Amino acid sequence: MAKEKFDRSKPHLNVGTIGHVDHGKTTLTAAITTTLAKAIGGKNKAVAYDQIDNAPEEKARGITIATSHQEYETANRHYAHVDCPGHADYVKNMITGAAQMDAAILVVSATDGPMPQTKEHILLARQVGVPYVIVFINKADMLAADERAEMIEMVEMDVRELLNKYSFPGDTTPIVHGSAVKALEGDESEIGMPAILKLMEALDTFVPNPKRVIDKPFLMPVEDVFSITGRGTVATGRVEQGVLKVNDEVEIIGIRPTTKTVVTGIEMFRKLLDQAEAGDNIGALLRGTKKEEIERGQVLAKPGSITPHKKFAAEVYVLTKDEGGRHTPFINNYRPQFYFRTTDVTGVCNLPNGVEMVMPGDNVSLTVELISPIAMDKGLKFAIREGGRTIGSGVVAEITE
């Protein structure tokens, strides 16, 4: 059977459910697919809880993560939805960016209110740069009808306070309450299917269409450099974001002092291009640049769009022994290599006050100082390597210098 072509007529967004264990994240995912299949039909297919729960394992940057991907659509948009079974899987997924989320649905039980992982997931969402969070207060059916409104109001206040604490707009965040279980059963009272449709409406209206990589400023990590006699120096790599046109000025950033040059030609598969865009593997001919003035690990970028830095705060997940990581903990002043885009740079890790050591399997906030600067922005992902093997994965949470 021929593969169905992906329909691009609707804007596409990546969303994920986050929240404390047993607050109903997977049930909500099942309820969304089931409710939309009934209410809208179209391409929506109901997916049962147990189909989502036995999530296939995938490897992202060498780390095994169990994630379940579902898809559904509203009248306005197509969504890819990721749900992870275990708390550790959420941490790894968010830090490695295995599924980059354009928005997260935070699930909070009406009977418990915010719990430790609720906080941890909100903090992680903030640290790794999830731009929007909306909230579903679940298990409303577990509250006595006469107490329901009052209890939900209290939980809602707590959640808004938490969101504000971690710099999300807690006062304006849409919060919908209902029961994922009731919706799954086809219940048509306000806490059943209508609550799910209300949540979808909040997702459609509160979260704007994301800027896609093509709209962002041009950036290409340099993979290789060679010189063509009589033509000059060519830098090759895959365009990470944006568009590059012939005669555009670019900066060469990272490792050494920043320089400027002009792209006088673009080739792909030995054909000349007028312009290259995100996803293209190209060779860029650089005016007046000598082969020894540019190296793998630098980036070509639109002037002024990104700067080189050495010091940053990071959110890091350290692999367990079983995942191929270290067998022993590391301590302050640990000096591994940090792999950014196309190259390793040595850096020194400083642990937070009161943390003596970091064990395999931990996730930890630490500060890093690299020996040479790398073009970076908040949200940039990296791997931590030692002797050529990956021992951790991280994301730049804050640039300090």
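Using N, Cα and C of the backbone, Cβ positions are placed for all residues, glycine too.
If you look up Swiss-Prot, you'll see 10-211 marked as domain 'tr-type G'.
Swiss-Prot lists 19-26 with the feature region 'G1', giving similarity to another entry as the kind of evidence. As a whole-number mean, the pLDDT of the region 'G1' (19-26) in this prediction is 94.
Positions annotated as GTP binding site by Swiss-Prot: 19-26, 83-87, 138-141. Annotation note: Lys25 (GTP binding site) sits in a helical segment as assigned by DSSP.
Annotated Mg(2+) binding site per Swiss-Prot: Thr26, in sequence order. Thr26 (Mg(2+) binding site): 21 other CB atoms within 10 A of its CB, across all protein chains.
Residues in the region 'G2' (62-66) partition by DSSP class (helix H, G, I; strand E, B; coil) as 0 helix, 4 strand, 1 coil. The region 'G2' feature in Swiss-Prot is assigned to 62-66; the stated evidence is similarity to another entry.
Annotated region 'G3' per Swiss-Prot: 83-86, in sequence order. Sequence-distant neighbours of the region 'G3' (83-86) (same chain, 6+ residues past either end, Cβ-Cβ under 8 Å): 16-17, 25-26, 29, 52-53, 55, 65-68, 70, 93.
For 138-141, the entry in Swiss-Prot reads region 'G4', with the evidence type similarity to another entry. Outside the region 'G4' (138-141), and at least 6 residues removed from its termini, the chain residues within Cβ reach (under 8 Å) are 23-24, 27-28, 107-111, 148, 152, 177-182, 191, 195.
In terms of local Cβ density within 10 Å, Ala140 ranks first among the binding-site residues Cys84, Ala140. Listed by sequence, the residues of this chain that lie at least six past the ends of the region 'G1' (19-26) yet keep a Cβ under 8 A from its Cβ atoms are 49, 52-53, 68, 83, 85, 87, 106-109, 112, 114-118, 121, 138-139, 180-181. Across the range of the region 'G4' (138-141), the DSSP-based residue counts are 2 helix, 1 strand, 1 coil.
Taking CA atoms as the reference points, Ala140 (GTP binding site) and Thr26 (Mg(2+) binding site) are 16 Å apart.
On a Cα basis, His87 (GTP binding site) lies 12 Å away from Thr26 (Mg(2+) binding site).
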